[in-house]
Amino acid sequence: MGLLSLLRKLKRTEGEARILVLGLDNAGKTTVLKKLSDDDISTITPTQGFNIKSLNHDGFKLNVWDIGGQKAIRPYWRNYFEQTDAMVYVIDSADRKRIEETGLELADLLEEDKLSGVPVIVLANKQDLVTALSPDEVADGLNLYSIRDRPWQIQACSAKTGEGLQDGMEWLVKQVRPTKK
Amino acid sequence: MKLKKFLLRYYPPGVILLYEQQGQQYQRTLDLLDLRPGTDVEALVAQIMQSEPLLTENRRKHLRGLILKLVEKQKEQEQNRREFVLLRVLRAHVLPLTNCAFNKSGSMFITGSYDRTCKVWSTATGEELHTLEGHKNVVYAIAFNNPFGDKIVTGSFDKTCKLWDANTGALHYTLRGHQTEIVCVSFSPQSDLIATGSMENTAKLWDVEYGTERGTLYGHSAEIVSLHFNAQGNLMVTGSFDHDSRIWDTRTGTCVHRLQGHTGEVSSTQFNYGGDLCVSGSIDRTTRVWDVRMGKCLSVKQGHTDEVLDVCFDSAGTNFVSASADGTARVYSTRTGACLDTYVGHTGEVSKVSFNPQGTSVITASSDKTCRVWDVSSASSQGGGGGGGGEGGRCSQVLEGHTDEIFSCAFNYEGDHIITGSKDNTCRIWKASS
């Protein structure tokens, strides 16, 4: 990839959208990304920095930035806000203890100037686990119904099985794709 | 005019004459860029004595001694191709590194990072000397004011550039004015100017002493991702995503030439030491060599099968090298334009390339998580039949260990240390075994 391609991904290009994937550590952000690009998901380690993938969705190019979510590096999320077209916020639905923490992080993000009006899709991930909260419970826990300043959506999914991911992507693309004439 | 002192410069080879005229100190440089281990020293001395009025007959012996020293240094390099061993792994940053650079003596180096800091390191001990904190976003471009090495400039995605004291880590100035991310920076060789290039299509010149803006270079219609001063510091070359490179007069800030020809974004540009040529690499898969005075393209190199991501000359300007997304690098003779070497071996894109100061080795950094060191075939050995054709190119070493792709690499001035900066948040120091 190299530094030059980072610069090329930084600029806004017609016919492409920049998607930011955020969420707490171990939410499954990298797994979501890898599953979407049909990569092997058996050996994923905590992301120390970021991963970038270009996804093609029905002729439309998505530059997806998956950003590490460990507490120590969350203050650096801002590095990546510039030129964001849509945000994917990934939740470990089985991690009941940290629903409040992830809700607070999301609330902070929604108040960021540079992300104002940016559509957000919340992925209630890990639905394959029996202890997972339902999407409704997640939406409640995160107080999503109070969001009025942007399009938003909650989507149940399992990055492991891939279930729900395509539906989520379709909603996302609808938000960022320029309307056809 | 009275000659006071000789100074020796190893890379590129040269002798600097310090002299006095009406009570003022001046210096003049005799560039010996074509010096080779086989150079006829007597003939060279005679030629210099004849053309340089500062050199009176009684200086002949001294001059001969200096040139012999330079030749010896060159022979040393030819004979000593040493293995690099890992000296240290520095858990340098909490996020990926961007660029890295040595000061001239190689005693210190700096690393920039997504964690918004630039760190200053001791090469010998691996000790962190200073953390330069204050930027509010990625520190992308960094540089020492070599050969002086007492200042550091950092360019950030926060749209500012900062000037620091290299020895104390204190902030001198914050340079504000760009509207978007700063992605390339450079000091003029005289260290009186800083140039910055940004994603908003402009470059700016700043006064080092006062921290003020000297001017904005308008002309490019897309991001400026590369800039370089010539050795005299009177010209600058910029490379842009608008497919052009431009040459600028740094005194007036005016565009001297628009170098048109590439059909894709320009990724990298550089002057040769003499300043009569510059080279540009492009996403269009070609490398172009330009005549600086005329602003004309002299040659187009088409060997790569994918984007050219980096180009540079060796310190004397004898050869230049291009690195490509096709996983190879290619060395060309500046004089003949012939491809001397093709370096095949990486299993991923090669995004950074540079020569050691001696011009005998090339280092390449790749997305395959390794750096490779390569032997440069000398043009003379190419001439002797047999070799040539540019097919060969021996990999003398693979530097393995990084766990993610490598974004940057650099040789120190002596050519006996290498630093590599990676997306894995670490920096590695490699030292030539003695």
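From the backbone N, Cα and C atoms, a Cβ is placed for every residue, glycine too.
Taken from TrEMBL, the feature repeat 'WD' applies to B:90-131, B:132-174, B:175-216, B:217-258, B:259-300, B:301-342, B:343-378, B:399-434.
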Worksheet item: Counting only residues 6+ away from its ends, which parts of the chain sit with a Cβ under 8 Å from the repeat 'WD' (B:90-131)?
Response: 137-144, 146-149, 152, 154, 156, 158, 164, 166, 168-169, 404, 407-414, 417, 419-429
Item to complete: For the repeat 'WD' (B:90-131), give the DSSP counts of helix residues, strand residues and coil residues.
Response: 0 helix, 22 strand, 20 coil
Worksheet entry | Model confidence over the repeat 'WD' (B:301-342) (mean pLDDT, whole number) | 97
Item to complete: Would you mind splitting the repeat 'WD' (B:399-434) into helix, strand and coil residue counts from DSSP?
Response: 0 helix, 19 strand, 17 coil
